[in-house]
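If you look up TrEMBL, you'll see GLY346, THR347, GLY348, LYS349, THR350 marked as ATP binding site. Annotation source TrEMBL lists domain 'ATP-dependent RecD2 DNA helicase OB-fold' at 8-80. Look at TrEMBL and you will find 145-236 tagged as domain 'ATP-dependent RecD2 DNA helicase-like helix-hairpin-helix'. The annotation domain 'ATP-dependent RecD2 DNA helicase SH3' is assigned in TrEMBL to 557-616. As annotated by TrEMBL, domain 'UvrD-like helicase C-terminal' applies to 644-692.
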Amino acid sequence: MDEEEIILKAKHLHTIFRNDTNGYTVAKFVTYDANEEDFTATGYFSELNEDVLYKLHGDYVDHPRYGMQFQVAAYEKMMPNDESTLIRYFSSSLFPGIGVQTAKSIVEALGEDAIEIIKENPETLKQITTLNARKRASIIQGIMEHEEADDSVVFFTRMGISVKTIMKMEAAYGEAMISMVKENPYRLIEEIDGIGFKTADKLAKELAFAEDHPYRIKAVILSCVLDLCMASGDTYTTLEQIQKRFCKEFDASVEIAPYLEELELDRLIMIEDGRIYHHTQYDAQNGIASFLAGFPYRESEEEVSFDVEDIGIMEQKFHIRYEDKQKEAITAFFKEPFLILTGGPGTGKTTIVKGILDLYQRYYPSDTIALCAPTGRAAKRLSELSSTAATTIHSLLKWDLETNTFLVNDKDPIQADLLIIDEFSMVDQWLFYHLLRACRMVKRIVVIGDEDQLPSVGCGCVLKDLIESACFPLVRLNKIFRQSEGSDVVTLAHQIREGSADILDHAKDIAFFPCQNYEVRDLILSVVSNALDKGYDPKEIQVLAPMYGGVAGIDALNNALQKMMNPSDSYKKELKVGYRLFREHDKILQLKNQPEDEVYNGDIGEIIEISYRDDNVHQKNCITADFDGVLVEYSGEQIYNITHAYATSIHKAQGSEYAIVIMPIVKDYRYMLQKRLIYTGVTRAKRSLVLLGDKEVFLHALRVEDRHVRRSTLQEKIKEMMG
C-alpha cells in the first residue's frame, strides 16, 4: 500500500497541548492559501511559534474521539517572503521588544528579502534608525535560532530519523543536540531508543567520519555483542564469536582487544571469565539475582497460619479431589514467598492456582492480587480462574513504547500483595528483571510454566535457570489427572517429553496423514473443510507451521486458507497492503506491541470493517479489527503491524490454545524440527490434533534435543548471591 503523502503549507495559530518530555503536540493551524481553512494537527515538534509558516508532511486521520486531524510525519519551517507575513513574523514572540511599527520599518527598509539580507550581513540593520543595539541583537538572535531549530529537524529527517525520535534527542541533549551528535553520532545507539547501528552509521558517513574511526569500531563491536545474543538467545558471547562477526565489517588485522577495554570502562559491556555481556543483560542478570536474594521486602502485617485441612473446603467447593502433589504445591505456596510451579498439559496447574487464589482470598481478604502473562490470550485464560482480571506483563508495567521504558517500576511499584505469572517459559531475562524491579511491595510471587516448551524469544532461559539453581521451592507436576486422562493430545505431549509417540497408532483425537511436500497444502484445505463441516468455530481452527517460505510455508498456506475460509464476496471490502490482500472477516495476527491500543505481539483478531481513502473528507484507508472485544483501528504505517493468522508459526502460537491444531511435518522442515518445537505445537491443541507429512521426520525430531543450548549465567549468579 503506497498512499500519497499530503503536504500542507500552514501557519501555526496556537498550541492546544504539548508534552514537554517527548514533544508530542496538538496544535491549531490555518492553511496558507485562499481558503484559509483551520485544522488541528498532531505530531512531534520542537517549539512551535505563533504566526510562523510551516510545511507539514503527513495525512488526515479520523480520531474516534477528537474527529478529523492532520497527522504530521515530518515538517519544516518556511521563512516568510511577503510584506504582511514578514511584519507578523518580526513582531512575533520570536523577537522580544519588536512591535508592529518596528517590524513595518524593517520591511519597508529591506523589502521582502529582509531575512536573507539580515542573514548575509547583520550590519545592514544599522541603516534603520529606529533600531537600537538591543533591538538589532534581538532580531539577529531570533533569525539565527529560528533557522538553527529548523536546520536540525531538516538535517536529521533527511537521515531517515523521524521527528518523534528527533524530539527524544532534543529532550536528552537540549541545545547541544547537534554538536553532541556531530562529535559522536554512534552515541545515539545507546542513548536514544529507536536508533540502531545502521541509522547512526548513515549519520556518521554524512558527517564524514572515517570507516575506521575508533567510535565506529566500538559501535560495530557493541552491535556484534547485541546481535549475537539476540540471534542465539544467549545472555553473553565470546571474543572468538565477536572477532568472527567483526571481520565481516573490518579487516582481520584490526585488533579489537583495546576497544573492548574501552567499552568496558564505559560500562557498555561487561567481561567476566571470558564471557562478554551487553550491559543490559549483565544488569538484568545481577538485578534478578539480587532481588530474589532479598525477597520479600515487605512482610505480611497479619500472618495467618495455614491449615492443610482447609484444602478440603476447596475440594467441596470445586467438586474435586486434590492429589498429594497438588496439596504439596498449595502448602508450599503458604510457607514460601517464592514458588515455581511447572508441568505439562493436564497435570493440574490450573486447579492448583484456582485453589491458591481461593484460599488466599479467604485468609487475606483485604490483600490485592495481580495476575499476568506474556500474551493477551494467556492473560485471558488466567482471568477465568479468579474475579481478578489478568493483564499482559507489559500492560501491568505500563510499558511506554516511545521510550521503551516502564512507568511502573522501583519508584512506582506494583500495588499488589500477591503476583502470579503464567506461561513463564516465554518470559525473557530483561523483562523479568523489570517485572521484579516493580515488586518491592509484593509479598508472594508464583511463577507457572512448562519447562519443556520453547524458551523466550528474547535472551535468556529464566525458567530453566530458576529451576536448576535449586534455590527456590519447586513443585514439578508429572501425573496426568482424571479430567485429562482421556485426552490423546495430553498423552502424546507427555510421550514426546520422553522421546516417543506410541499413542499415534491408536489415538482417537489425533490423526497423522502421510503425504509429500507438494500435497500438504491441498490436504490441509481438506482437513480444515472437514473441521468446519463438523461445526468447529473458524477461530478455533489453527494451522501451525515451522517456516514462512515454500509450498507448505506459512505465507502460502495463509493465501490458500483465506480463499477457503473467507472467500471474496461483493459485500466484503478488501484492501491490498504490500503483497497481502486483507478482507473483512479475515483472521489476523498482531506483529508488534501497541500498548496504547491494548494489543500486543501475538494477539489474534478479526477484521470487522475496511474503509477506503476519501480525500473529500480527509479520510485514509483504514482497517478496524476486533481483538476479543478490544477494537483497534489501523491506518498509515500501522497497517503493516498485522498479517493473516489462518496459519502462524509455532512461536507465535505459544501462550494460546485452539480446539483443533493442524501441523505439517515435512522434509523441507527437517533442519528446523526438534523435540521442544514439536512439543510446543502439540500442546496448543485442546481437543484434536492433525499431523500430516512424513512420519519418519516427525519421529526423528522427537530424538533431537535443543540444537543450541542457551548460554546464561543467571543460575550461577543466583547461587552466588543466595549462598
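Note that the numbers count up from 1, one per residue, in the order the chain is shown.
For all residues, glycine too, the Cβ spot is worked out from N, Cα and C.
A TrEMBL annotation is a machine prediction, not a hand-curated record.
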- Task: Using DSSP with the three-state reduction, classify GLY348 (ATP binding site) as helix, strand or coil.
- Result: coil
- Item | Selection from 8-80, 145-236, 644-692, the stretch that has most Cβ pairs under 8 A to the domain 'ATP-dependent RecD2 DNA helicase SH3' (557-616) | 644-692
- Message: Counting by DSSP secondary structure, give me helix, strand and coil numbers for the domain 'ATP-dependent RecD2 DNA helicase SH3' (557-616).
- Response: 14 helix, 23 strand, 23 coil
- Message: What does the DSSP secondary structure composition of the domain 'ATP-dependent RecD2 DNA helicase OB-fold' (8-80) look like, as residue counts for helix, strand and coil?
- Response: 0 helix, 49 strand, 24 coil
- Integer mean pLDDT for the domain 'ATP-dependent RecD2 DNA helicase-like helix-hairpin-helix' (145-236): 86
- Densest Cβ environment (other Cβ within 10 Å) across the binding-site residues THR347, THR350 belongs to THR347
- Item | Residue counts (helix, strand, coil, in that order) that DSSP gives for the domain 'ATP-dependent RecD2 DNA helicase-like helix-hairpin-helix' (145-236) | 69 helix, 0 strand, 23 coil
- Item | Secondary structure content of the domain 'UvrD-like helicase C-terminal' (644-692), with strand meaning DSSP E or B | 15 helix, 20 strand, 14 coil
